[in-house]
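According to Swiss-Prot, the protein has these features:
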- 1-259: region 'Disordered' (REGION)
- 90-110: compositional bias 'Basic and acidic residues' (COMPBIAS)
- 123-138: compositional bias 'Basic residues' (COMPBIAS)
- 197-207: compositional bias 'Acidic residues' (COMPBIAS)
- 219-236: compositional bias 'Gly residues' (COMPBIAS)
- 241-255: compositional bias 'Basic and acidic residues' (COMPBIAS)
- 257-347: domain 'BRCT' (DOMAIN)
- 339-392: region 'Disordered' (REGION)
- 347-357: compositional bias 'Basic and acidic residues' (COMPBIAS)
- 374-392: compositional bias 'Polar residues' (COMPBIAS)
- S465, G466, P467, P468, G469, I470, G471, K472: ATP binding site (BINDING)
- 931-1021: region 'Disordered' (REGION)
- 945-958: compositional bias 'Acidic residues' (COMPBIAS)
- 965-977: compositional bias 'Basic and acidic residues' (COMPBIAS)
- 999-1010: compositional bias 'Low complexity' (COMPBIAS)
- 1011-1021: compositional bias 'Gly residues' (COMPBIAS)
Amino acid sequence: MSSDIRKWFMKAQDKNGGAAKPAGTTALAKKPVLSIPEKPSAAPSMAACDQDCSARRKTSKYFASKTEKEEDTSAGKGTGRGLPKRKLQKVSDELEDDMKPLPAKEVHKEEEDDDDDDFVAPSKRKTPVKPPPSKKLKGASTAEAHGKTGLDDDNEDKMDEDAKTPSKASGSGRGRGRGRGRGGRGAGAAHGKTIGLDDDGEEDKMDEDAKTPSKAAGRGRGGASGGRGRGGGGRGFMNFGERKDPPHKGEKEVPEGAPDCLTGLTFVISGTLDSLEREEATDLIKRYGGRVTGSISKKTNYLLADEDVGGVKSNKAKELGVPFLTEDGLFDMIRKSKPAKATVAKHQSDKNSEKQQKSPMKSSPVKVERRDGNQITTGKNISPKSNKGSASIDNQKVNIVDRGSLQWTEKYRPKVPNDIVGNQSMVKQLHDWLRSWEDQFLHSGQKGKGKKQADSGAKKAVLLSGPPGIGKTTTAKVVSQMLGLQAIEVNASDSRGKADSKIEKGVGGSTSNSIKELISNATLNYSNNRLKRPKAVLVMDEVDGMSAGDRGGVADLIASIKMSKIPIICICNDRYSQKLKSLVNYCLLLNFRKPTKQQMGKRLMEIAKKEGLQAQENAMEELAERVHGDIRMALNHLQYMSLSQSVVKYDDIRQRLNSSTKDEDISPFTAVDKLFGFNGGRLRMDERIDLSMSDPDLVPLIIQENYINYRPITVGKDDSGVKRMNFLARAAESIADADIVNVQIRRYRQWQLSQAACLSSSIVPAALMHGNREILEAGERNFNRFGGWLGKYSTTNKNIRLLEDAHSHILASQQANLDRESLRLDYLTLLLRQLTDPLKTMPKDEAVQKVVEFMDTYSLSQEDFDTIVELSKFKGHPNPMDGIQPAVKSALTKAYKQGSSSRVVRAADLVNIPGMKKPLKKRVAAILEPVGESLPEENGVASSEGDEEDSSDAENNDELVPGDTKPKLDLQSDKKKGIQVQLDLKSNGNGLNSKKMPAGRSKASGSAGKAAGGSGGKRKR
């Protein structure tokens, strides 16, 4: 596709197969003009437009006035390719030219319409009137330079637009965008362009070369919003995806038209419109019965755009011959569809007169009105029918009453698989699995002729997963009924815990016992009398809800699947739930998806028609989109609306579901993307609060981690970066304020400040920084990172815990008396040198022996060794373990483990008390009594229990009493947290728990004291 759109018009696209063209056409008409394809009769023709419409259109900045065109053509007269550089006009002159009244045009009226509605090729234009000779000569001078004839003046509009906005032509990226610059390919979006199809003249290229002689933009006009190519430069990808605000937003009055004036028409919206947002234009089209799609196809009637941005949609529309339509053209189409007031009044009077004429001729049949399922009969005369006819009416009345009392979700529940909306492939897989279940798992053991062995990959159960309301349970029931199976449903309202071990309770026990009896007893389904009792299938609904109330339910369900003799269908919403982590290994996984809005809209239209509701198709599609594919919820809304109205329009759906829309779960990353997106500034305050409070813990952390990567769209072109830094400072200050508020919430339980914290931590930074995300370092991925604070906080707590362990071990060794801070700042470096330097410089055996002795001296374990090394690592500094050979490391580990059996342990948490199977969750501190009181009691206890004590031990204890006093005094007087001894004191004789009595009175503490005295305060394990 050439970059010059006019070349497309100059190509000989003869659709008549070489037939002779009609005579009487001028040179201007020789171009192949797009003709409007056959459209429904409801679409009004856009060929002609009155003078008021054209005058109103000229107020848009995308169309130049007549005076500007004459000045441009006179300036370019006879210049050929070497056009002089135009001077920039002042803003006041632009406004004056735009606001000048248009002169009356008589001769060139048809061409005015062509200029105004360039996107809509008129079908009624046959022979346009030739312009005056002077104007023709002016246009001819430029046309001769290009070798073309009959071109419009829209290229001058483009030149004026470039002259008014010269800054948009710059860019420093090597983006091979689809820009129209010299050397570029395609059509970019960096410049505002006129709406005409013939706006790609060579003049704008020459103007661009004259204004921007430097080729910093690379291949193509790779400006700030330059094409969609490889924008690898500093500014080439800056504003990609940005949708600018309409230039005349809210300045035009939205017209009113006939209710269904756009019925049967399909629109595609492209670019930025003149006064409407894209969402507003979509709502306007759907309100009058039109359809809006996202891509161009053969069924598209119009491409709605106020400027030809030259994207994929524009090129596709030109290839398929889809006419272009401006916003003003859409307004005219709607406005002309509304009849005049006099016509409406006359039509209403005629309608009333017809009713009056027909009313006496009608018989008075029985009128049946439905109000909440009740029938009200009005009128006394009954049409002359037989008794049979009246009886049929009575029967019909009774049936209507019975069916009217049902909810629509039950009334229109699918009866056959073809009635299920969407997921037909999943229905087919479930049908095939159920049909072949008996052959695979019941008869597979029979080695008869022609019997297939069971497939090793086959599953005895199936797991249906998907959002609620899309037909999972209905699918299970319908398919089971179709195959002649009796579906036994067990949902979340039933007790589904672990079955009783005493299975003899059988069906007389709990629901779990009944299920176990059902799946394990073959006589229930496979007895001799099979015809009287149908085969069964167990439907376990909402298995992801088997939580605390159903203890052991999932494990018992897995055991039931293994031994089951009937098919089991499990249904859940979230197949990735942790509760189902083990269940998915035993089930065939079938993932149900949400049906499309077109599928749901078609089904809802059928139901509305059966219920006598007049509903628009786009209204039903909007309802399907608002409920996120939940057809059950859509039917409930539709039934509720049918009680108060008989016609459901698009606006009715929007008005009802704006306040009662279905909630959906969104991740914190999705919430941050919406807050910081280009449309984040258009969100209402309640929407921002909902997004921020979707996860009040993670959303602020993700925002704090990523807000500096966003370039705000509100700062515009900021070469110096001062505006962006100002916004960053304000956002950082708001986050700091939120941290102060969050401390009050978390520490002092001031939860009434939650909204203030939400405002400061999420809403204010997002309002300041929403825009395009960009990378700040080479190699960085351009997506939101997870909050780094959580990982750093966890690492900090782990390091503090490990340092506390090493601190307690060093204190217990009695080689140093220091606090944790001194250990980290002063001693850790010295300890690291003593542990690593010998391994680097000395021979292996000597180094290993020295390091092990040093570790024994300070009661350091291997975990402490790793802690000291890990805490001594710093970014940008070498690893302390560098230079140590792997053989030396393995020798050190081996030597330390060899001496562990005889190693002296001085820390209380390393003491292994005999008889204690596992450590207690809450250890009790041993009570160390004064020496003067504990020794007599201890000796007394030893003498009273002499049958269990050796006399030699008692003698040694008496001898070591003077040496036993010093360690006990040190332990009692030292208040350090690290040397608090924690033991599980138990008595061996009478089974009493010594935690309930003083440590000095127990036998265990007495023996502990003896051992401590014998080893000089050291205990051997």
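Every residue, even glycine, has its Cβ placed from backbone N, Cα and C.
Sequence features, as recorded in Swiss-Prot, placed on the structure.
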residue	record	Cβ contacts under 8 Å, 6 or more apart
S465	ATP binding site	K472, I571, C572, N573, D574, R575, L589, L590, N591, F592
G466	ATP binding site	N423, K472, N573, N591, F592, R593, K594
P467	ATP binding site	N573, F592, K594, H628, G629, D630
P468	ATP binding site	N573, D630, R632
G469	ATP binding site	V627, G629, D630, I631, R632, M633
I470	ATP binding site	V421, G422, N423, F592, R593, K594, P595, G629, D630, I631
G471	ATP binding site	P414, I420, V421, G422, N423, F592, I631
PLDDT averaged over the residues of the domain 'BRCT' (257-347): 82
Secondary structure at K472 (ATP binding site), reduced by DSSP to three states: helix
Secondary-structure category, per DSSP, in which S465 (ATP binding site) falls: strand
8 Å Cβ shell about S465, G466, P467, P468, G469, I470, G471, K472 centroid, ATP site members excluded: N573, F592, K594, D630
Secondary structure content, the compositional bias 'Basic and acidic residues' (241-255) (per DSSP, counts of residues): 0 helix, 0 strand, 15 coil
The domain 'BRCT' (257-347) - residue tally per DSSP class, helix then strand then coil: 37 helix, 12 strand, 42 coil
